Amino acid sequence: MRSPGSKADGALPVDRPARRPSWTGGKPSSRPSSHLQDKTAESLAALDDTVSQLCRRVRGGSVSERSVPAVPQGASPSTAPVALQTGDGPPSMASTLVTVKLLFLLFYGSLGAVMPYLPVYYHSLGLPDKQIGMLGAITPAVTFVVAPLWGALADQTGRHKDVLLFTFVASVVSRLLFIWRTTFGWLAILVFCTAVLNAPVRPLLDSSVLNLLEDKREYGKQRLWGQFGFGLAGCIVGPCLMNHKFGGYKAAFYVHALISLPTLLIMRRFNPTPPAPAPSSPPLPVASTNKSEKPFMAKEEGPGALALPSKAPSAALSSQPAKPRFREGLGIVVRNPDALIFFFLVFVIGVSSGVIENFAYKRLREVGGEGTVMGVSRFFSSVTGVPMFWFSGHVTRRLSVMGVLILSLCSYILRFFIYASITNPWQGLPAEALRGFTFAAMWASSTYYTHKISPPGLSATMLGFLNGMYGGLGQSTGALIGGGLSHRVGTPRTFVLAGLADIVVVICFGTYWWLHPNATRLKEE
C-alpha cells in the first residue's frame with residue numbers, strides 16, 4: 001500500500017478530493033489530472049480555506065460540519081486538511097473565543113457609556129452628597145444579596161442563557177427610565193430594580209467564559225476586551241455630556257441603549273451553559289487539615305501548581321457529579337480560613353472602590369473638570385488596564401492571589417492621596433492609570449481563584465458571591481461612608497481618611513502574608 005506522500009501520488013491527490021467539496025459542493029473526479037491542473041485545484045482550495053477562515057473570524061460563528069473536510073479512505077489523519085487551525089485552539093474554540101471577545105467589548109462598552117457618569121448625573125439634578133451616596137449604596141447592597149441567588153437559580157435549573165438574556169434586557173430598560181424620573185424617591189426605586197435585574201449578568205458571563213477555558217489563568221486575555229470597551233465608550237460619551245445638542249447627561253443613556261442592541265444579538269449566539277463536571281476534576285474541600293497544603297497566599301512553584309487547598313481524594317472516586325447545592329458554596333466561605341481572608345480583602349477593596357468611584361468625578365468637577373476630562377480619564381484608566389489583564393496570569397503566579405490584592409490596596413492609597421491633593425482636573429490622570437493597572441490584575445486573579453474553589457456546578461453561584469462582596473457589600477458600604485464623610489468634612493478629607501484606613505489594612509495583612517509559613521518558604525526559594 002502506497003503512502004500518501006509517495007511519488008506515485010503526484011501532487012498530493014489525497015488533499016484534492018477532500019478540499020474540493022468544501023467549496024464546489026461536487027464530488028471528486030476519478031480521472032487522472034495533469035500536474036498543472038492539480039496545482040491549480042490545490043491553490044484554489046487553499047484560497048477558499050483562507051477566505052472561509054477570515055469570514056468565520058469576522059462573524060464569530062462556529063465551524064459547520066460541512067466546512068470540515070473528511071479524511072479520505074487510506075489517508076492518515078495528519079495528511080488531511082485542517083480548517084481554521086489557530087493558536088487559540090480547535091476550530092470551534094477559536095471562533096467561540098472571537099465571540100467571547102466581542103461580547104465582552106460590547107457589554108462593558110454599554111456599561112462604560114453610563115455607569116461612570118451616574119454620580120455626576122445625580123449631582124447635575126441638584127441632589128446633595130448624602131443622597132448621592134445613598135443612591136450609590138443601593139446597587140452594591142442589592143447585588144450582595146441578589147447575585148448569589150440568581151447564580152444559584154441558574155445553577156439549579158441549568159437555564160443560564162435564559163436568565164442571562166432576561167436580566168440583561170430588563171436591566172437596560174429599567175436604566176433608561178432614569179431619564180424621565182429625576183426625583184430622589186423615583187430614582188431610588190429605579191436604582192433598586194435595575195440592581196436586582198443586573199446582578200447576575202456579569203457573574204454568568206464570567207462563569208461561562210471560565211468553563212470554556214482549559215487554563216483558567218487565560219481569563220484575563222478575554223476580559224481585557226471588556227476593559228477596553230468600557231474605556232472607549234466612556235471616552236466617546238464624555239465630550240457629549242456638556243453638549244445640549246446631544247441631550248446633555250442624557251446622552252450617556254442614549255449611547256448605553258444603542259450599544260446594548262448589538263450586545264443582545266451577540267449574547268443570543270453565545271451559550272453560557274457550563275459543561276458537566278468531569279470526574280477528573282473533583283471539587284475542592286471546604287476545609288483541610290493538611291499542613292503541607294499551599295493556600296491562596298502562596299506563590300505557585302510551577303505552571304501546573306495551584307495556590308489552593310488540596311483536593312479531596314474521595315471526590316475523585318465518584319463517577320457521578322454531585323448535585324449543586326448552595327450550602328456547599330457557603331461552606332467554602334465559612335469553613336475555609338483562606339477563603340475567609342480572601343473574601344474579606346475583596347470586601348475591603350470594594351469599600352475603597354465605593355468611596356472613590358462615587359466621588360472621584362465629583363472631585364474633578366470641584367476643581368473645574370468637565371465632561372471631556374472625565375471621558376479622557378476613564379479611557380486612560382481602561383487602556384492602562386488592558387496589558388495587565390493580558391499578563392494577569394503571570395502576575396498571579398509570581399505574587400499569589402493575596403499579593404495581588406495587597407498591591408491593589410496600595411494603589412487605592414495612592415489614588416486617594418492624589419485626588420485629595422489635585423488642584424487641576426488633569427492631575428487626576430495618574431490616579432486613573434493606577435486604577436486600570438491594578439483593578440485588572442485584582443479582578444482576573446479573584447475570578448480565577450473563586451472559580452477554582454467552586455464545587456462542580458456552583459461556579460455561577462460562587463462568582464455571584466464574589467461580585468456581591470466586591471460590587472455589593474463592599475461598594476455599598478464605601479458609598480455610604482463616602483457620602484457621610486463628604487457631607488461633613490468635604491471630599492478631599494474623605495479621601496485622606498480612606499487612604500489612612502487602607503494603610504492600616506495593608507500593614508496588618510501584609511505582615512500576616514509575609515509571616516505565613518508557605519509564603520515565607522516560597523520567597524526564600
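Every residue, even glycine, has its Cβ placed from backbone N, Cα and C.
TrEMBL entries are annotated by machine, without manual review.
These features come from TrEMBL:
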REGION    1-40  region 'Disordered'
REGION    60-87  region 'Disordered'
TRANSMEM  102-120  transmembrane segment
TRANSMEM  132-151  transmembrane segment
TRANSMEM  187-205  transmembrane segment
TRANSMEM  225-244  transmembrane segment
DOMAIN    338-525  domain 'Major facilitator superfamily (MFS) profile'
TRANSMEM  339-361  transmembrane segment
TRANSMEM  373-393  transmembrane segment
TRANSMEM  399-418  transmembrane segment
TRANSMEM  495-515  transmembrane segment
**Item:** Selection from 187-205, 225-244, 495-515, the stretch that has most Cβ pairs under 8 A to the transmembrane segment (373-393)
**Value:** 225-244
**Residue numbers, six or more beyond the limits of the transmembrane segment (339-361), whose CB comes under 8 Å of its CB atoms** = 116-117, 119-120, 129, 132-133, 136-137, 140, 296-297, 332-333, 369, 374, 377, 401-402, 405-406, 408-409, 412, 415-416, 419, 428, 431, 442, 446, 449, 453, 465-466, 469-483, 486, 491, 494-495, 498, 502, 505, 509
**Request:** Flag the pair the transmembrane segment (225-244) / the transmembrane segment (102-120) as in contact if three or more Cβ pairs fall under 8 Å (sequence separation 6 or more).
**Result:** yes
**Positions whose Cβ lies under 8 angstroms from the transmembrane segment (495-515), at least six residues beyond its ends** = 297, 341, 345, 348, 352, 355-356, 359, 363, 402-403, 406, 409-410, 412-413, 416-417, 419-420, 481-482, 485, 489, 523
**Fill in**
Across the domain 'Major facilitator superfamily (MFS) profile' (338-525) the predicted model averages a pLDDT of 80
